[in-house]
Amino acid sequence: SCDGTQLCNCSSMGLDFIPSGLTGKITVLNLAYNRIKHIRSQDLQQAVNLRALLLQANVISSIDRDSFRSLGKLELLDLSNNSLAHLSPAWFGHLFSLQHLHLQGNSYRDLGESSPFSSLRNLSSLHLGNPQFSTIRQGNFEGVELLDELWIDGGNLSQYEPGSLKSVTKIHHMIITIRSLNIFSAIVRDLLHSVAWLEVRKIAFSIPAEMQLLRVMSSSFAEKVSLKQTLLTDATVPEMVSILEDMPKLVEVEMIDCRLVGTGRWEIHIKANQSRTLRVLTIEKLSIEQFYLFTDLQAVQGLLSLLTKITVENTKVFLVPCSLSQRLVSLEYLDLSANLLGDQSLEHSACRGGWPSLQTLNLSQNSLSDLEMTVKSLSHLRNLILLDISQNNFGEIPDVCEWPKTLKYLNLSSTQIGKLTTCIPPTLEVLDVSANRLKEFGLQLPFLKELYLAKNQLKALPGAASIPDLVAMSIRRNKVNSFSREEFESFKKMELLDARDNNFICSCEFLSFIQHQARIAQVLVGWPDKYVCDSPLAVRGAQLGAVHLSLMECHRFLVVSLICVLVFLVILILVAVGYKYHAVWYLRMTWAWLRAKRKPKRAPLKDICYDAFVSYSENDSDWVENIMVRELEQACPPFRLCLHKRDFVPGKWIVDNIIDSIEKSHKTLFVLSEHFVQSEWCKYELDFSHFRLFDENNDAAILVLLEPIQSKAIPKRFCKLRKIMNTKTYLEWP
């Protein structure tokens, strides 16, 4: 399981223990998703150069004291999602190079009486906690001073000794899942000057009286606060806003997948001093059950004037009050994607005087349907550079539009556009009209540098004269089948052309002139669609000088014809060989044998109906019916014989009749003659007896030679029958 770089992937192999034979050459060992229960001291003794050891998602419950003693170069150790009931400092005592330690998802309730991490001086990220984790004591983090990331899963954390985290002097990103506001407040108090980014998950800010416990946050030096899967109410939002506004170094606030109970009618007026540092507000997937009753946010409008970047995504926003837009005087970036903005509401939201400094606007995945009205609503944004209105439903677009004169980047992908008009602004440098219904592109865009036309219905390249400065173009998944040397060479500044997944006719002539365009650094063609040509063209960044077409690419018709002829000849040879060596016979008899094998080896006595089944050729029927049958059936006592003419069931498959008749008879009587050997149906009867009777080593078969016949006249495939004729008694007539 080890590749050339000595990365050994043994994950999901059902291992119950660490495999033996590990050597010093291994640098990465992945043993995740197995059934390992115990790590022994000798298991990793030879893996002295190991850099990463992945043991997550096993059932490890015990680790020998010196199991990791030889792993002095280990940088990543993942023991998450196991069954460790305690953590021992001895495990980590020799891991001097360890940077990343993942211990979450086990069953320990605390970290012990002392610090398990005291010797990990290079530790950068530490993941702790599980649903049973309940206690953090003073001294548990002794020796850990600087962390890039500390993740504590403390959903049921009930005891925290003040000062436990004070030894950690700097944490870039602190993630904590917690439910108790008391514990959270104590942790924040210890980390006031240590944490740069504080992320809180699954906590409920629902009781106004408890919000005073969070007042300590207002003294935190955190630059970013993230709330994920948290609960807020109209009663607690004012205090939370006040705390965040008072934080002296806060730059960014983030709310993701949170829930707000209320309609924005705060029970008490927000009394907060406007933050002089807060610049970024991100809200994603905020759930407001009665969002259609939400207020115009007048209570917070005065706190937003210094924000430069706002994202409110997938939150069912259907209107931004004009008064609020006019207060956002410093806003440069606004993302309102995946909401419910329509043409009328956008006109109100982007009112005159609103968003005066806006440079980037994302309105993708909304309910816009009138491009002319959308453009008119945004025309007064004098600083707008980038506009994303993709994944709306415009359909038809007008001939003339009044865009902001500063617009350089426009995304109109997935908007159901069937034809482009002069509505598209000529100032653009980047235009994305992918995933529409375009059949041609003939716009005059003299400053355009990047053009994205993927997933349309184009049959030819755009004309280079109308886009002379084009540097990069994507025409993936169109219907282009070729383009001429002149068309290609007319793009004087082209550096990247992505033309994969088209209908190119891959010919030597077509590739030859592309091959010599040394000024084009990257070309992605990737033809034909069903396979990749034997050339670097199918890979990004390929140099064209080394391109060589294969025989298949240059002479496809000839190669396909030769393959068809060869396949026909092979089939013909197989048919001839099969006929010569009785392949059809073997297949038919294998089927009969398999069906017979499913039945009991001997029929019960109550199912035996005949004394003997008579197998004979139709050419010998006169002797069989007039002499042998009459003699036996009129004997005293008489024998009951089974004859195919008289006793086979009409309408039943002949092979089934043969099998059933033999099984319902005590004996099988074969009347052998030259005619018998040549008879197809006699062969079936003899074949089945070969499988069914002779393989059971019984004496159910009786052979009667009606005329002299040599054993070699019997087909060689019936080797046991030939042996019986040579070694056992048979009857002769007369």
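We number each residue from 1, going along the chain as drawn.
Positions of Cβ are set from backbone N, Cα and C atoms, glycine also.
Note that TrEMBL annotation is computational and uncurated.
Not measured: the values here are computed from a predicted model.
Taken from TrEMBL, the feature disulfide bond covers Cys2-Cys8 (among others). The local packing around Cys8 (disulfide bond), expressed as other Cβ atoms within 10 Å of its Cβ over all shown chains, amounts to 21.
Taking all protein chains in view, 17 other C-beta atoms sit within 10 angstroms of the C-beta of Cys351 (disulfide bond). Taken from TrEMBL, the feature disulfide bond covers Cys322-Cys351 (among others).
Summarising the annotation, TrEMBL assigns disulfide bond to Cys401-Cys423 (among others). Over all protein chains present, the Cβ of Cys401 (disulfide bond) has 17 other Cβ atoms lying within 10 Å.
Mean pLDDT for the domain 'TIR' (608-734) in this predicted model: 79. Here TrEMBL flags 608-734 as domain 'TIR'.
As annotated by TrEMBL, transmembrane segment applies to 557-579.
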For Cys351 (disulfide bond), the one of Cys2, Cys8, Cys401, Cys423 that lies nearest, given that the disulfide-bonded residues are compared by Cα: Cys401
Minimum Cα separation from Cys2 (disulfide bond), reported as the residue among disulfide-bonded residues Cys322, Cys401, Cys423 that achieves it: Cys423
Cα-Cα distance linking Cys322 (disulfide bond) and Cys423 (disulfide bond), given in Å to the nearest integer: 27
Pairwise CA distance, Cys322 (disulfide bond) versus Cys401 (disulfide bond), rounded so that it is a whole Å: 23
